[in-house]
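Here is what Swiss-Prot records for this protein:
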- 11-31: transmembrane segment (TRANSMEM)
- 39-59: transmembrane segment (TRANSMEM)
- 77-97: transmembrane segment (TRANSMEM)
- 110-130: transmembrane segment (TRANSMEM)
- 140-160: transmembrane segment (TRANSMEM)
- 176-196: transmembrane segment (TRANSMEM)
């Protein structure tokens, strides 16, 4: 149990996909203007990541891995396209569910919801799962943790950006300029966790 808790904490803080690996920055910067929208997208990323990482773990370990189906048959060269297909299918299911049950959130997320399909944070989480050779339970924990870490980063950024609306930001830095500086300072803050070994 301690190992899984350590993996969860590590994936949220120490190996944060947004602020340590800078994955998913396009949606991170575009949707972080309001906390409510950022929270909705963060929950969507958690759901997709929690399902995509273990689903791709099963597909990789029981279909694509070298010698799993037939001795001497290595289908691992299909892993990228398979992972993207699974992620795309999960995002489509999530999009239909949000459209039916949460139309306000669906409209608020707009074009950024389908962009989760090509969000490199989701694909990065799946790739790290394969690279680190996680088992199924570890992949579930890592999926939840990496999604929660990305959500923590985007909600914190949205909160800071909402407060900056009332700040006296120099003319040349308004908009994305100060947002990039803020993201860099947040990344420095999260870098302080890198010395912790769990």
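Using N, Cα and C of the backbone, Cβ positions are placed for all residues, glycine too.
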Contact count check, CB pairs under 8 angstroms to the transmembrane segment (176-196), set 11-31, 39-59, 77-97, 140-160; argmax is 11-31
In the same chain, residues at least 6 away from the ends of the transmembrane segment (77-97) whose Cβ sits under 8 Å of its Cβ atoms read 44, 47-48, 51-52, 55-56, 59-60, 63-64, 106, 113-114, 116-117, 122-123, 126-127, 130
Long-range CB partners for the transmembrane segment (11-31) (under 8 A, at least six residues beyond its ends), listed in sequence order, are 37-38, 41, 45, 109, 112, 115-116, 119-122, 124-125, 128, 141-142, 145-146, 148-150, 152-154, 157-158, 176, 179-180, 183, 186-187, 189-191, 193-194, 196, 198
